[in-house]
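Features reported for this protein in TrEMBL:
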type     : residues : note
TRANSMEM : 33-52    : transmembrane segment
TRANSMEM : 58-85    : transmembrane segment
DOMAIN   : 109-154  : domain 'YcxB-like C-terminal'
TRANSMEM : 179-196  : transmembrane segment
REGION   : 357-377  : region 'Disordered'
C-alpha cells in the first residue's frame, strides 16, 4: 500500500519535542545538566549568603530557598530553551539540505519503504527500536539519530499501521511547563520585591544592617550594641556607606547612619581589652598649632580621629589654597600617609575665597585598617617612630605658597 504526504519543519519539531520524553540519550543529558545546575545554584547562593555574614542556619535556608526555585523552574526551563535552540539549528540545517518535501510510504507485511527528496530506504518492522503515537503523528525510531515521521492523514493509514505495529503513547505534560513558568514569575516577583527598596534607596540595606548592630533600634537615644558585634561588621558597613555617593537628598541620612556606626564602634572599643589604647597628639610650628588629634591603636584596628588646627596669631585668614597631609612613620622605616585634604579655589565647588582657615578640623582616617608590623603582628604605639603633618597654604589673591611640617607628640593617655 502506498501513502504520500508532505513533511514540514513543524513535523520534525513535533518529533524533537516528544523525543525528550522517550529518548534515553536526551533524558540522560538533560538529567545530568539539571543536577549540575541545581547543585551549582545551591553552592552559589550559599556562598552569596556567606558573604552577607549570615549565620550558618540562615545560609543553608537561603541556599535551599533559591535552589528550590532553580530546581523546580529555572533549570528545566533553561534546559528546554537550550534544547529548542539546538533543535531549531538542526531543522535549519536539514532545510538547507532539502530534507523536507514530498515523502512516499510503501508498506508491506514485513516492513515499509520510505522515499524522500534525498533517498529511498527500506525498513523491516522489527528494525524499529521505538514506536510512539501522539494525537497527530506516528514516530518510528530506527536509531538514536534516525526516525520515520508519519503524520496522521487518514483512517486507512491508521488501520494499516496498527495491523503490524503496537504503538506506545507519547505525551508532553503541558501543565508541568505552565507550573514552571508560574514558579518563575513568583521567584522573580519575590526577588524584585525584596530588592526594590535597595534599588530605589541604596541606604536602605545599610540602615537595616546598622540596626542589627544594636539590641534595640527604637530608642535611638540609648543604643546598646549586641554582644556579637565585631569590628569586621563595622568595617564592612563603613565601606558600604562610603561607596554610596552623597547627594543633596541622602546627605542627612548618610550622616546619621555614619553616627550610628560610630556609636557602635565606640561602644565596641569600650569592651576591648586593656591593650586598647588611645593617645591624643599635639604639635606646634611657626605658623600652625595642632590640638586634640587622637590616634587609636589596638589588636584589631589602626585609625585616627579629627582634632583642631589653628593658625597662630590669626583671628581670620582667607585662603585660595589649603592642603593638609598626615603621616605615621614606623620604626622599620615605613612612612604611611594616613589621610590628606586638598582644597583650592580652582576646584569647582571650593569657595576658598570665602573660607576662613584660621581654625578648622584636621580631618581624620576613619577606615579602621589592620596595620601589621614586620613580624605580621598588629602594631602598637611602641612601633611608631613619628607622627607628623605637612600643611601647605596660599593666602587669598597671593602668589606665594607656604609650607610647614609639624611633628606631633602624645600625652600617652589611656582610654577613650
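Keep in mind that glycine also has a Cβ here, set from the backbone N, Cα and C atoms.
On the 0 to 100 pLDDT scale, the domain 'YcxB-like C-terminal' (109-154) averages 89 in the predicted structure. In the domain 'YcxB-like C-terminal' (109-154), helix, strand and coil residues by DSSP number 3 helix, 27 strand, 16 coil. Cβ atoms under 8 Å from those of the region 'Disordered' (357-377) belong to residues 231, 234-235, 238, 265, 290, 293, 300-311, 314-319, 322, 324, 326, 330, 332, 336, 338-339, 341, 383, 389, 393 of the same chain, restricted to positions at least 6 beyond its ends. Under DSSP, residues within the region 'Disordered' (357-377) fall into helix, strand and coil as 0 helix, 5 strand, 16 coil.
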